[in-house]
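What Swiss-Prot records for this protein is below:
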- Y182, C456, H458, H500: Cu cation binding site (BINDING)
- 529-556: coiled coil (COILED)
- 46-76: compositional bias 'Basic and acidic residues' (COMPBIAS)
- 97-118: compositional bias 'Basic and acidic residues' (COMPBIAS)
- 150-178: compositional bias 'Basic and acidic residues' (COMPBIAS)
- 187-341: domain 'Cupin type-1 1' (DOMAIN)
- 386-556: domain 'Cupin type-1 2' (DOMAIN)
- N229: N-linked glycosylation site (CARBOHYD)
- 46-123: region 'Disordered' (REGION)
- 150-184: region 'Disordered' (REGION)
- 175-193: region 'T-cell epitope' (REGION)
- 246-265: region 'T-cell epitope' (REGION)
- 302-321: region 'T-cell epitope' (REGION)
- 318-337: region 'T-cell epitope' (REGION)
- 382-401: region 'T-cell epitope' (REGION)
- 414-433: region 'T-cell epitope' (REGION)
- 478-497: region 'T-cell epitope' (REGION)
- 541-555: region 'IgE-binding' (REGION)
- 542-561: region 'T-cell epitope' (REGION)
- 558-577: region 'T-cell epitope' (REGION)
Amino acid sequence: RGRDDDDEENPRDPREQYRQCQEYCRRQGQGQRQQQQCQIRCEERLEEDQRSQEERERRRGRDVDDQNPRDPEQRYEQCQQQCERQRRGQEQTLCRRRCEQRRQQEERERQRGRDRQDPQQQYHRCQRRCQIQEQSPERQRQCQQRCERQYKEQQGRERGPEASPRRESRGREEEQQRHNPYYFHSQSIRSRHESEEGEVKYLERFTERTELLRGIENYRVVILDANPNTSMLPHHKDAESVAVVTRGRATLTLVSQETRESFNLECGDVIRVPAGATVYVINQDSNERLEMVKLLQPVNNPGQFREYYAAGAKSPDQSYLRVFSNDILVAALNTPRDRLERFFDQQEQREGVIIRASQEKLRALSQHAMSAGQRPWGRRSSGGPISLKSESPSYSNQFGQFFEACPEEHRQLQEMDVLVNYAEIKRGAMMVPHYNSKATVVVYVVEGTGRYEMACPHVSSQSYEGQGRREQEEEESTGRFQKVTARLARGDIFVIPAGHPIAITASQNENLRLLGFDINGENNQRDFLAGQNNIINQLEREAKELSFNMPREEIEEIFESQMESYFVPTERQSRRGQGRDHPLASILDFAFF
C-alpha cells in the first residue's frame with residue numbers, strides 16, 4: 001500500500017522515530033561512509049519532524065497542550081500523578097520508574113539538540129554531508145564553500161551589532177522568510193521511501209502551508225534521489241506527472257497494457273508519465289547520483305496520490321498483490337500456494353524501493369532505450385522525452401539564459417497544461433522584475449544560491465501572519481503590496497503566483513540554476529518591468545504621465561537607461577540615474593524592488 005499523508009494525519013513521536021532510524025542504521029552493517037550518511041539522514045529527519053510538529057500545533061492554535069505540556073518538569077509531575085491515580089503496589093513503583101527514565105531521556109535529547117544548534121557542530125555536520133553526498137571534487141568544493149558561508153553568517157549573528165552592521169535588517173528578512181507562505185526550505189521536503197541506495201521525497205500539499213495556494217492544491221512535487229548503479233522498483237501512481245532530470249542520467253521505462261517504452265534521459269530532459277502507467281527508473285552511471293524532480297496531478301482525490309508497487313520490500317503490505325486472498329491469487333496466477341509464499345517471502349529480504357543492481361542487469365535494461373528526439377506516437381504513448389537543452393533559449397545574454405518547453409509545441413505537456421522551463425542566472429546577475437499573465441510557477445532550485453523578492457497583495461506586513469485571510473479581506477487590501485523574500489539554496493522550492501512581480505538574483509560567487517513548472521502554462525505571457533523590452537516603455541506618453549505624475553522625458557530616462565534585457569548585472573553599469581530621494585523612486589516602491 002502506498003504512503004502519502006498518513007504521517008500528517010497520524011503524526012508519530014519524532015524522538016521515537018529518531019531512535020528507530022538509528023537502530024535501522026546499526027542493523028544495516030554497512031561501511032563507515034554508509035553509516036555516516038544514514039546517521040545524518042536520521043538527524044535531519046528528527047529536526048524536520050520537530051519543526052513539522054511545532055507547525056501543526058501552531059496551525060491548530062495551541063502553543064501548549066494540556067494533555068502533553070511542553071515543560072519537562074510539568075510532564076514529569078503529570079506522569080507521577082497518573083501513576084498515583086491509576087496504579088497500585090508494584091505496578092505503581094514501575095510506573096514511577098518509567099517517568100524518571102523518560103525525564104532523563106528527554107534531558108539527554110535536549111542536550112543533543114543544544115549541540116545541534118551549536119554553529120561549530122552544524123559546520124562539521126555540513127562538511128561531512130558534502131563529503132558523503134557530493135561525488136565530484138568541484139561539487140564538493142562548492143558545497144563546502146556554502147557550509148563556510150553559513151557558518152560565518154551564524155557567527156556574525158551571535159557576535160552582535162558591532163560585528164554585523166546589517167544584522168537588524170538581516171534579522172527582519174530571516175523572520176519574514178520563516179513565515180513566507182510561498183517558500184519551502186529543502187529540509188521541509190519529507191522523505192517517504194528511504195534506503196541506503198536513495199530516497200523519494202514529497203513536498204507537503206500546498207494548502208497545508210496556506211490557503212493562498214488553493215489554486216494549485218491538486219498538484220504535488222516529488223523528488224527522486226538515487227545512488228549510482230541502482231534501480232527503482234516498478235510501480236504506478238494515481239496521478240499524471242511530468243518528470244525532469246536535474247542531475248545525472250537515467251533510463252526510464254513505461255509499461256501499459258499494449259506497449260513498453262524505454263528512454264535514455266540526460267540532465268535537462270523532460271518526460272510525461274501517464275496516470276496508471278507502470279514505471280521503473282534506473283541509474284546506470286557508476287559515479288554520479290541521479291536526481292529527478294516531478295510535478296504530479298492526482299486523478300482521484302485533490303492533492304492526494306498513492307504509489308502502487310507490484311513487488312514489495314521490507315513490509316509485506318507494500319505490495320498490492322499481497323492484499324489479495326490466497327484462493328484469488330492461486331486461481332488468477334495458476335500457481336500453487338506454497339510457491340506463491342516463497343515468491344512473496346523473497347521480496348521481504350530487500351530494504352526500500354530503490355535497490356542496488358549489477359552492471360549487467362542495468363545494461364540489459366537500457367540497451368533498447370530511445371533518447372530525446374526519438375518520439376513514439378500511439379494512443380497510450382508518453383510522446384517521448386523533450387530535451388530542454390536542444391530548445392532555442394527564449395531569453396539569453398551574457399548574464400543568463402532561459403529555456404522552455406511549451407504545451408503549444410509539445411503534445412506531451414498539453415494534458416496537464418504545464419510549461420517546463422530552465423533558467424541559469426550567472427553569478428552576480430539578476431532576472432529582472434517580471435510577472436506571468438496566467439501561470440502559477442513552482443520553482444525548484446537545482447544548483448547555486450541566491451534570493452528573490454516578490455510583490456504580493458495577499459500577505460500582511462506583520463511577518464505575513466495574514467496569509468489565510470478571507471476573500472473579502474483580500475479585496476479590501478487591494479493595492480497594498482508587501483515584499484515577500486527568501487534566500488535560496490540547492491533543493492529549495494518556491495511558488496510564484498500569477499500576476500505577482502518577482503525579481504531573482506544569483507549570489508556573487510556561483511551561478512543560480514532553476515527548474516520551473518508553469519501550471520496553466522498554455523498561452524501564458526511573461527511581461528518584464530525592466531530592461532530594454534519592458535512593458536512600461538510601451539505605454540502611451542499620456543498614460544505614463546498620468547500614472548507616475550512626472551514628465552514623460554524623466555520617466556523614459558529611468559525605464560530606458562538599462563541597456564540589457566531579461567538578465568542584468570546587479571552592479572550599476574551607468575552613472576546615470578537618481579538616488580532614493582528622487583521622485584521617480586516611488587515607481588518601484590510599490591514592490592520594494
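Cβ from N, Cα, C; glycine included.
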Among the binding-site residues listed here, H458, H500, whose Cβ has the fewest other Cβ atoms inside 10 Å?
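Looking at the binding-site residues H458, H500, the Cβ with the fewest others within 10 Å is that of H500.
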Please report how many Å separate the Cα atom of Y182 (Cu cation binding site) from that of the residue listed as 'N-linked glycosylation site', as a whole number.
36
Mean pLDDT, the region 'T-cell epitope' (542-561)?
80
About how far apart, in whole Å, are the alpha carbons (Cα) of H458 (Cu cation binding site) and the residue listed as 'N-linked glycosylation site'?
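Per the Cα atoms, H458 (Cu cation binding site) and the residue listed as 'N-linked glycosylation site' stand 47 Å apart.
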Please report the number of other Cβ atoms within 10 Å of the Cβ of N229 (N-linked glycosylation site).
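Other Cβ atoms found within 10 Å: 18.
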Fill in the CA-CA distance, N229 (N-linked glycosylation site) to H500 (Cu cation binding site), as an integer in Å.
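Counting only the Cα atoms, the answer is 43 Å.
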When the number of other CB atoms within 10 A of each residue's CB is tallied over all shown chains, which of the binding-site residues Y182, C456 has the maximum?
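The residue with the densest Cβ neighbourhood is Y182.
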Using the CB centroid of Y182, C456, H458, H500 as the Cu cation site centre, which other residues of the same chain sit with their CB within 8 A?
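Here the non-site neighbours turn out to be P181, L212, M454, A455, P457, V459, V484, P497.
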Please classify the secondary structure at Y182 (Cu cation binding site) using three-state DSSP.
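Where Y182 (Cu cation binding site) sits, the three-state DSSP reduction gives coil.
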